[in-house]
Amino acid sequence: MTDKWLDTINWSADGLIPAIAQDKNNGKILMVAWMNREALKRTVESGEAVYWSRSRKKLWHKGEESGHTQKISAIHLDCDEDILLLSVEQKGGIACHTGRQSCFFRQLKNGEWVVTEPVIKDPSQIYTK
């Protein structure tokens, strides 16, 4: 396979594209992260999500420390070619570094952000570094 498919993507000025990870079984949005060309290429090659960490300025294989990897089921590109949707099988049921299933665990209710999702596992038990 050539890399021509990567040229279709409308990358941002800094060479990134947002990637939404969605649970393939129940459709729940798990997280949003960023990918550059190399991250997306490695994701396709490995079959597991690899993102670009904007804060650390390096590739990040999701679950490399926690074991909570994301097995890719499908990758979709939106109509404007500037957002990816990853259909994933979330290993361990935890996508968020807070120990929750989803990074979207707060909901706006009556002008307040309310936590609506429990911690599945304490992050101190997940991340030992």
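Cβ coordinates are placed from backbone N, Cα and C, and glycine is handled just like the others.
Feature annotations, reproduced from Swiss-Prot:
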- Asp78, Asp80, Asp82: Mg(2+) binding site (BINDING)
- Cys79, Cys96, Cys103: Zn(2+) binding site (BINDING)
Would you list the other residues of this chain near Mg(2+) - those whose C-beta lies within 8 angstroms of the C-beta centroid of Asp78, Asp80, Asp82 - in sequence order? Asn10, Leu77, Cys79, Glu81, Ile83
State the count of C-beta atoms found within 10 angstroms of the C-beta of Cys103 (Zn(2+) binding site), not counting that atom itself. 17
Have a look around Asp82 (Mg(2+) binding site) and count the other CB atoms within 10 A of its CB, chains all included. 14
For the C-alpha pair, I'd like the distance in angstrom between Asp78 (Mg(2+) binding site) and Cys103 (Zn(2+) binding site), rounded off. 21
Starting from each candidate's C-beta and looking 10 angstroms out, tell me which of the binding-site residues Cys79, Cys96 has the most other C-beta atoms. Cys96
With DSSP assignments reduced to helix, strand and coil, which class does Asp78 (Mg(2+) binding site) get? coil
DSSP state at Cys103 (Zn(2+) binding site), helix/strand/coil: coil
